[in-house]
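Features reported for this protein in Swiss-Prot:
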type	residues	note
REGION	115-146	region 'Disordered'
MOD_RES	Ser125	phosphoserine
REPEAT	156-160	repeat '1'
REGION	156-200	region '9 X 5 AA tandem repeats of [LMQ]-E-[QR]-E-[QR]'
REPEAT	161-165	repeat '2'
REPEAT	166-170	repeat '3'
REPEAT	171-175	repeat '4'
REPEAT	176-180	repeat '5'
REPEAT	181-185	repeat '6'
REPEAT	186-190	repeat '7'
REPEAT	191-195	repeat '8'
REPEAT	196-200	repeat '9'
REGION	221-379	region 'Disordered'
MOD_RES	Ser265	phosphoserine
REGION	391-411	region 'EVH2 block A'
REGION	405-549	region 'Disordered'
REGION	442-459	region 'EVH2 block B'
MOD_RES	Ser506	phosphoserine
MOD_RES	Ser508	phosphoserine
Amino acid sequence: MSEQSICQARAAVMVYDDANKKWVPAGGSTGFSRVHIYHHTGNNTFRVVGRKIQDHQVVINCAIPKGLKYNQATQTFHQWRDARQVYGLNFGSKEDANVFASAMMHALEVLNSQETGPTLPRQNSQLPAQVQNGPSQEELEIQRRQLQEQQRQKELERERLERERMERERLERERLERERLERERLEQEQLERERQERERQERLERQERLERQERLERQERLDRERQERQERERLERLERERQERERQEQLEREQLEWERERRISSAAAPASVETPLNSVLGDSSASEPGLQAASQPAETPSQQGIVLGPLAPPPPPPLPPGPAQASVALPPPPGPPPPPPLPSTGPPPPPPPPPLPNQVPPPPPPPPAPPLPASGFFLASMSEDNRPLTGLAAAIAGAKLRKVSRMEDTSFPSGGNAIGVNSASSKTDTGRGNGPLPLGGSGLMEEMSALLARRRRIAEKGSTIETEQKEDKGEDSEPVTSKASSTSTPEPTRKPWERTNTMNGSKSPVISRRDSPRKNQIVFDNRSYDSLHRPKSTPLSQPSANGVQTEGLDYDRLKQDILDEMRKELTKLKEELIDAIRQELSKSNTA
């Protein structure tokens, strides 16, 4: 190659813009370029060529003319101009500027020396050759090579420094990148820890909130269950109280109904007795053996009032006494006497007549013992005024009654005197304001005895009293007819306690039960103490004209029917209680 590079430098090539009065980068883009000074050995010319380091774009290519003015404006910025424009080189270092400036000076010296050299031979062609002053061509070549070598070394050193700088920059960038990554990692870890801590706190708070809410709900549920249980217990207690109150009211209503019927039956009892008395007292001239014969079957009704049935509890309805109960051997405590009877339809009995002149007036008998009821169910209807004697008091009263009867038997052997004594005793007993109603037993016997004595006295007085007696018999005939019809034709469709006794509109079976024994008690009342207490083991076996045995069978059936009804009611009540308990249990289970 005819051209050789005598120098290279790293510099930014600039061109001066005359229009804008400023330096602009050559090639339109900034950046360093490799600037060489080439020497054409054949022509002995020099030129400056610059290429971009990045894309090898030629940014400068100008010849170095002879007489060029090279201006070193600063240590790193040199400039020159040719006929077209002004060039400037902004070197990267002082070494590059010095190397390029030395090569430029050497090129200018060569060009200047070449201009003066040929002219001298032409001018002095006739003169001998002279010794050239200055370095020879070989020396210049050696210097040029040395400069190139230095330039090359500097270039290598510069490249090495550039590589080191770039390596340092790369390491610095990597370090910064690592630091950035480490910092980001730490920040990420910190954020992650904070997030986890926040989530843990939120989870703990949520769990605590849920636990607190569950505790509150459990407490509310327990409170609600306790309130419901208390409310249920209160409702059950109110329901039990209501049922108890209704049961008590039902019992009171039944007791009042039974009491009302008993009062009606007790009030109708004297009217039902008048007719059998008329039939018994129709023949006033009855003989003494006839009375003795009638005393035998009348002993059982007299014991009926003394031997009592067992005392039953107040809730069930009372069982009416019958002949079957009269033969019970165990005497229970006596019940309360019934209230005084309502006035009967017949005329009131007249006062007892004065004693006859040929008779010794009997001593006043003591008040008889209160009559014993045939059943213990009268206990619920007794009052404070007519409370009966029980226990030892009843036994003492019975003993007094026996003593008086014995005295009457010894002092007054005649039947008329006994009748008078019994009449006075009956008057004394019935005249008491708080005396019990004679329903059965000795009280019923005393009532019958009083009626018999009154009939006897009326028969002894004369015809005027006999007319009154006939009127009384006429008035008493109607109840006998109604009673006979009711006893002879019982209603098969009704139960025994529902059969209607048409006398005075009452429906009590007590009146019809007592009619037959009273007829026998009237005849039996005049007998002695021994005949009163004669033991009888069996009731009447022969059916009488009044139908005693038939009534006994009716009242046995009545007793059985009442027991059956009581069992049915108790079973029904038990089922209702069981159903109510089941309903409450089902409510509590569903709640």
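Using the three backbone atoms N, Cα and C, a Cβ is placed for every residue, glycine included.
Proximity of distant same-chain residues to the repeat '5' (176-180), defined by a Cβ-Cβ separation under 8 Å and at least 6 residues beyond the stretch ends, is recorded for none.
The number of other Cβ atoms within 10 Å of the Cβ belonging to Ser265 (phosphoserine), over all protein chains shown, comes to 26. Confidence for the repeat '4' (171-175), expressed as mean pLDDT, is 89.
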